[in-house]
C-alpha cells in the first residue's frame, strides 16, 4: 500500500476527528481552568476528573451491548445529536444560575462522558468495516495525529478566548464543531457488515426467552451479552493482563494529569497563555508521533513496542518536577514543560497505537464493541482512585518527590508486566499472532 495516499474515506474520518476534538478540547481546557481558578484546589479539580471514569464503569455492559447489536451509524448520529442538545441546555442553565457552576459542570461532564463512550467505542469498532486490515495502523496513527493537531490548537485558542467569554459561550462554540462531526459521520461509507448481522451465543440465549416480557428480555440480553464478552476477555490472557496492568499504569499516570496543572498554575504561577502553550505542546508531540508511526512498519510485536515506551514514560515522570527546585523564571519553566509535554505526547502515541491496532485485528468484529468498552473500562478503573489520592497529596506535598516516587513505581510495574508476559510466553500463543486481514463484504 502507498502510505502517502489518503483515501476519501480517511479524509472524512480525519475531519470527524478534528472537528470533534477541537471543539471538545477548547471546552475541556476552559472547564479545567475555570474549576482550578474558582476552587484553587487540586482535589477540587480531581473530583471533576474522576467523574468521567466512574460514568464509564457504570456504562460498560450497556455500551458493549449497544455497539455489538445495533447499527453503528445510528449510534454515532444519536450520540452526536445528544451532545449538541446537552451543550445548548448547559449554556442556558449556566447563564440562568451561574452560582451553581460546579454542579452544572459536573452534570455536563457526565452527559459528555455518556455520549462520548458510545461514540468512541462505536467508532473504534467500526474501523475494521471502514478500512482494509493493512490500513489500520495508518488510520490509527493519522487519527492520533489529527486529534493531536486539534488538541494543540484548542488550548492556545481556548486560553485566548477564555479571557473574553464566559464558560457557557464555550459550550455554544462546541456545538458548531459537533454538528460538523455529525455531518462527517453521515458521509462515511460502511461495509455491509452490520453489527446486527452477527449472532453470539449470548444472543441465542436471549432469543430463547422471546416469549417473556420485553423489558425482562432486554435486560437479560444486555447482561448475557456482557458476560459473553467478559468470558472472551477472561480466556484471552494477554488482553486481560494488558487491561489490568493498564489500570495500575493509569493510577500512577494520574500524577501527571492532576499534578502538572496544579504545579504550573498554583505553584509556579504560569499565566493562562503560558499554561496553554505547555498544554498544547503535548498535542504537538502526539501529532509528530502519529505522523512518524504512520510512516513506519513495526518490526517488533506491538506489545513489546508499547511497554518499551511505557518505560520511557516512567523516566520522564521522574524528572517532571525539577523546576519546583530550581527557581527558574516562568519563561524557562514554560519552555521546560513544553519540551517535556512534547516528549510525553510522542511517547504516548507509541504506547497506545500499536496495542489499539493489534486489538482491532485479533478481536472478532461481533465482539469488538464489548471488548473495547470492557478493556477500556478495566484499564481506567484505577484512575478515579489515583486522581483522588494524588489530588489530596498535591494539596499537602511538594510536587517533585511525588513525581519521583511515581516514576520509580511505574517503572517497577512495567518491568514486572514484561517479565510476566515473557515467562508465560503469551506473545507466542496463536490467538496473539497478527495476520493481515481484509474487509469482509456480505452480499
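Glycine residues also receive a Cβ, built from the backbone N, Cα and C atoms like all the rest.
Look at TrEMBL and you will find 1-192 tagged as domain 'Major facilitator superfamily (MFS) profile'. Per TrEMBL, transmembrane segment is recorded for 14-36, 42-63, 146-164, 170-188, 238-256, 276-298, 305-323, 335-359, 371-393, 399-421.
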Request  = Mind checking which residues of the chain, 6+ beyond the ends of the transmembrane segment (371-393), have their Cβ under 8 Å from one of its Cβ atoms?
outcome  = 41-47, 49-50, 53-54, 56-57, 59-60, 63-64, 67, 117, 121, 124-125, 226, 229-230, 232-233, 239, 242-244, 246-255, 257-259, 359, 363, 402
Ask   = Mind checking which residues reach the transmembrane segment (238-256)? Cβ under 8 Å, same chain, six or more beyond either end.
value = 303, 310, 313, 317, 320, 344, 355, 359, 371, 374-375, 378-383, 385-387, 389-390, 402-403, 406, 409-410, 413-414, 417, 420-421, 426-427, 429, 431-432
Ask   = Where does the mean pLDDT land for the domain 'Major facilitator superfamily (MFS) profile' (1-192)?
value = 80
Query = Counting only residues 6+ away from its ends, which parts of the chain sit with a Cβ under 8 Å from the transmembrane segment (14-36)?
reply = 6, 44-45, 48, 87, 101-102, 105, 108-109, 112, 116, 119, 123, 142-143, 146-147, 149-151, 153-155, 157-159, 161-162, 167, 170-171, 173-178, 180-181, 184-185, 188, 261-262, 265-266, 272, 275-276, 279
Key: Distant-in-sequence neighbours of the transmembrane segment (146-164), which means Cβ under 8 A and at least six residues beyond its ends   = 14, 17-19, 21-22, 25-26, 28-30, 33-34, 170, 173, 272-273, 275-277, 279-290, 345, 349
Message = Taking contact to mean 3 or more CB pairs closer than 8 A (sequence separation of 6 or more), are the transmembrane segment (276-298) and the transmembrane segment (399-421) in contact?
response = no
Ask   = Between the transmembrane segment (305-323) and the transmembrane segment (170-188), are there at least three Cβ pairs closer than 8 Å, leaving out pairs fewer than 6 positions apart?
value = no
Key: Intrachain neighbours beyond the transmembrane segment (42-63), with Cβ under 8 angstroms and 6 or more residues off its ends   = 31-32, 35-36, 105-106, 109-110, 113-114, 117-118, 121, 222-223, 225-226, 257-259, 261-262, 266, 369, 373-374, 376-377, 380-381, 383-384, 387-388, 390-392, 394-395
Message = Using Cβ atoms and a strict cutoff of less than 8 Å, what residues sit near the transmembrane segment (335-359) while being 6 or more residues removed from its termini?
response = 124, 136-137, 140-141, 144, 148, 239, 242, 256, 260, 264, 277-279, 281-290, 292-293, 298, 302-303, 305-306, 309-310, 312-313, 316, 319-320, 322-323, 328, 371-372, 375, 434
